Amino acid sequence: MADKQISLPAKLINGGIAGLIGVTCVFPIDLAKTRLQNQQNGQRVYTSMSDCLIKTVRSEGYFGMYRGAAVNLTLVTPEKAIKLAANDFFRHQLSKDGQKLTLLKEMLAGCGAGTCQVIVTTPMEMLKIQLQDAGRIAAQRKILAAQGQLSAQGGAQPSVEAPAAPRPTATQLTRDLLRSRGIAGLYKGLGATLLRDVPFSVVYFPLFANLNQLGRPASEEKSPFYVSFLAGCVAGSAAAVAVNPCDVVKTRLQSLQRGVNEDTYSGILDCARKILRHEGPSAFLKGAYCRALVIAPLFGIAQVVYFLGIAESLLGLLQDPQA
């Protein structure tokens, strides 16, 4: 991508279009990932991704799977635009006379892109997680209350589905956080977000660039769109699984509400220690399957939109209406 000069407006539009399409397609899986990652040892509301989605639809309706989607759809455009544009910018700055970047320079470009995007990613994830996890917490409390009543009555436990949870809004959450904690409230978990997104970009962008290059026919200037899509999917899923332990820690730290008897954390190291001590090493892979399913098409779509140059075509039509 270093040899392909694209205007900044086109980069921003391409990133925004890709983000909107991707989030709309995979958001329910992202909701399942958040709820599974936040489950600690003890009362488990969901046993798997499919179980989570089924119970969510039964108790909260179809649109319950899209709780928090409005936040993502609003902020994913600047987030993805910053990420893709920053990576392209750093690759261009690090390249010399259009020569292929070394692996180290590709990793540095990815590191720069991951660092830039957290400006938007951290508050977006902070709000989204509260909205996504509200149903899980309400469901857990309902089940525990039902178990307590049955124990007192000596009865057998029935199947209890998740209830309709209170519905906080992103506006309400933002107002409460700003009032109680200031701007720092929206950036809770910033360190953990950097710990996830910088390594992700360091893995993703070099891997994508090399996979995309391998699939490019020698006679063509750029790879076919399906090669870009597959390269984005493979690189995205590989990077997502690689940094999933950091994502688990970030999700736990950014969750403001806790279920019954769930641990609280004072920081990244405290969170990692408690997860390892109380839940074992496998807990760091919670939601990894969901995250791979989310990231693969998300970045596959992003790269297809980016490499097809949809924004360039739109801008060209606007500049030359007779074309």
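Placed from the backbone N, Cα and C atoms, the Cβ positions cover glycine too.
As given in Swiss-Prot:
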type: REPEAT; residues: 6-93; note: repeat 'Solcar 1'
type: REPEAT; residues: 101-214; note: repeat 'Solcar 2'
type: REPEAT; residues: 223-312; note: repeat 'Solcar 3'
type: TRANSMEM; residues: 12-32; note: transmembrane segment
type: TRANSMEM; residues: 62-82; note: transmembrane segment
type: TRANSMEM; residues: 107-127; note: transmembrane segment
type: TRANSMEM; residues: 189-209; note: transmembrane segment
type: TRANSMEM; residues: 223-243; note: transmembrane segment
type: TRANSMEM; residues: 292-312; note: transmembrane segment
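Here the transmembrane segment (12-32) has long-range neighbours at 6, 46, 49, 52-53, 56, 65-69, 72-73, 76-85, 132, 287, 290, 293-294, 297-299, 301-306, 309-311, 314-315, meaning same-chain residues at least 6 beyond its ends whose C-beta is under 8 angstroms from one of its own. Within the same chain, residues 6-7, 9-15, 17-19, 21-23, 25-26, 29-30, 33, 49, 80, 84, 204, 208, 212, 222-223, 225, 228-237, 239-241 sit at least 6 positions outside the transmembrane segment (292-312) and bring their C-beta atoms closer than 8 Å to a C-beta of that stretch. Sequence-remote contacts of a segment are chain residues at least 6 beyond its ends whose Cβ falls under 8 Å from one of its Cβ atoms, and for the transmembrane segment (62-82) they are 11-16, 18-20, 22-24, 27-28, 30-31, 53, 56, 113, 116-117, 119-121, 123-124, 127-132, 134-135, 167, 170, 302.
Each residue in the repeat 'Solcar 3' (223-312) gets a DSSP state, and the totals come to 70 helix, 0 strand, 20 coil. Per-class residue totals from DSSP over the repeat 'Solcar 1' (6-93), listed helix then strand then coil: 73 helix, 0 strand, 15 coil. The repeat 'Solcar 2' (101-214): residue composition by secondary structure is 92 helix, 0 strand, 22 coil, according to DSSP. On the 0 to 100 pLDDT scale, the repeat 'Solcar 1' (6-93) averages 86 in this prediction.
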